[in-house]
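Inspection log for the structure reproduced underneath, given as structure tokens.
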Amino acid sequence: MRPSRQLALAGLLVFSLIPSQLCQMHALTQVNKKKTEEQTTESRKQTGLQAGTWKVCIGVNETNFWHIEPLINTMLNAKYTERFQDANVLLTFRLVGIKSQRLEQQLSGQIKEDINSREMELTSGELAVDILALGACENQDRELIRGAHLVSKLGAKFQAEIQNMEAHSGNPLTNYYQLSLALLALCLFNGRYSITSVTYYFTPENKNYYFEDQFSVDTGAMAVLALTCVRRDTQKKMNANTKRKISGYIASLANKIQAEGKQGLLGNIFSTGEAMQALFVSSDYYKNERNCRETLRAVFDNISQGVVYLPIAAAQILPALMGKTYLDVTSPSCGHNPVKFNVSTEKPDTATPTTAPLYILVKYSVQINKTSHTEVTVRKGSVFLDVMKAAQEKNKTLFRFTVEETSWGPFVTSVQGISASSKDRTYWKLLSNGQPLTQGAGSHVVQNGDNLEVRWSKY
Ligand code: CBY
């Protein structure tokens, strides 16, 4: 750590030494410990893990803390002026035990304000994350959850999703990621949900786990967490057959997640954290040390390349790296961590460009039934959205568009006046050189000569 950083240390974070359930789950026996020691010398060099701590797929300790420092700084230094990303960040801070009173107060204040002013408009998933964040690790915000009857309000939103599926050929109001978040929060905070609906709608074959035939790892992961909570829910009287069914769903979804493993990542970098959480609670995947090592290496690589710079992305990846899952939100180990480390609140260096801007030329097209093409010049380092703006300036009729702000940045809602609709499962898909983007329009940096496209699609 640089001296300037040391000066800027906001405080020493002290975590207590409470072994997590994962610790016990993945603990190595004495017999294979020696063998593992030899095998993992190389991996420790790469991930910074120390001998003796190689017991679980927890990526972070005092020595290799620097790997995740950018994630924490991203969350600490973000300007939380918009209503979005707050809840995910607060949830993560509480769950992994990062103490920042200032940020906790600010975020929990903003979430409460948002609930007050937009209660009716909040989607099921938004309210679910709010409840998870406010209720994480026994704290006084739980009073508000009770006082404002947030859990029963979430129950009503969950019910509305199910009614919509009944009325509109199985399409929920939002999506299955949000339905799963809602089920998870209802299950953790003793809300009402129907086991019959869960067994009916959460079968792994349901189309809502897929976007255009592609299994959504994010969605599957959230469903595994929710279903695992349901299976463990002691308040629900469940017969053996139902329990077996749900266990089958969990196993099948966990397999689908593993099948999306690519060079250590599960899906892509943005789904890997939650997918890790799902596999921690549902499978033996990370008992295999090699799988753990590969995931950590891939995640740390991506972090060091600066890919994870949105607070929401950082918030969704960090818990798994610290061996935590969203199921820990109501467990006594919530907020406890076996790691001691320092957190700097120094603003990251912002490099000011010294050279004159260079321009690049890209192709851009809008495809509905027929395709409209153009070419635009934008500054080097521009993102997809800049290209859309440049095209719109050239020809309003063909390239006009609208966006809606989300925690992941701008989401393109309409092009040429044609609007995406979750009711019809339509959206504007973004592609570069024929490949779908793995980042949104506000994040994806374009390169000279790229062939960029927005395509009217059905998922
Ligand atoms: N969150 C949500 O409701 C979103 C759930 C989610 C599964 C989400 C990914 C995962 C997450 N962790 O939040 C999701 N995306 C969904 C459900 C959707 C669909 C939204 C439909 C609906 N009715 O809600 C939809 C339309 C299929 C979709 N995502 C589209 C897109 C594309 C956006 C294009 C546009 N019009 O602007 C895009 C860019 C893919 C493309 N090539 O067109 C896309 N999603 C991406 C890349 C992503 C990832 C964002 C990564 C990033 N760094 O920006 C994502 C994390 C996410 C957000 N989508 Co969707 C998935 C990933 O790559 N791992 C709950 C709420 C409370 O916050």
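Glycine is no exception: its Cβ is also placed from the backbone N, Cα and C atoms.
All TrEMBL annotations are machine predictions without curation.
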Practice prompt. Looking at the disulfide bonds in TrEMBL, identify which of CYS292, CYS334 pairs up with CYS57.
Written response: CYS292
Discussion item. Per TrEMBL, which of ASP130, ASP218, ASP386 sits in the cyanocob(III)alamin site along with THR174, ASN175, TYR176, TYR177, GLN178, ASN268, GLN316, TRP428, LYS429, LEU430, LEU437, TYR459?
Written reply: ASP218
Discussion item. What does TrEMBL give as the disulfide partner of CYS187, choosing from CYS137, CYS229?
Written reply: CYS229
Item to complete: Please name which of the binding-site residues listed here, THR174, GLN178, TRP428, LEU430, TYR459, is nearest in space to CYS57 (disulfide bond), Cα against Cα.
Response: GLN178
Response to the item:
Long-range Cβ list for THR174 (cyanocob(III)alamin binding site), cut-off under 8 Å, min separation 6+ in sequence, same chain only, gives THR123, SER124, GLY125, GLU161, SER422
Response to the item:
Filtered by Cβ distance under 6 Å to ligand 1, the recorded positions CYS57, THR174, CYS187 reduce to THR174
Item to complete: Would you mind checking how many other C-beta atoms are within 10 angstroms of the C-beta on TRP428 (cyanocob(III)alamin binding site)?
Response: 22
Worksheet item: Taking the Cα atoms as reference points, how far is CYS187 (disulfide bond) from ASN268 (cyanocob(III)alamin binding site) in Å?
Response: 28
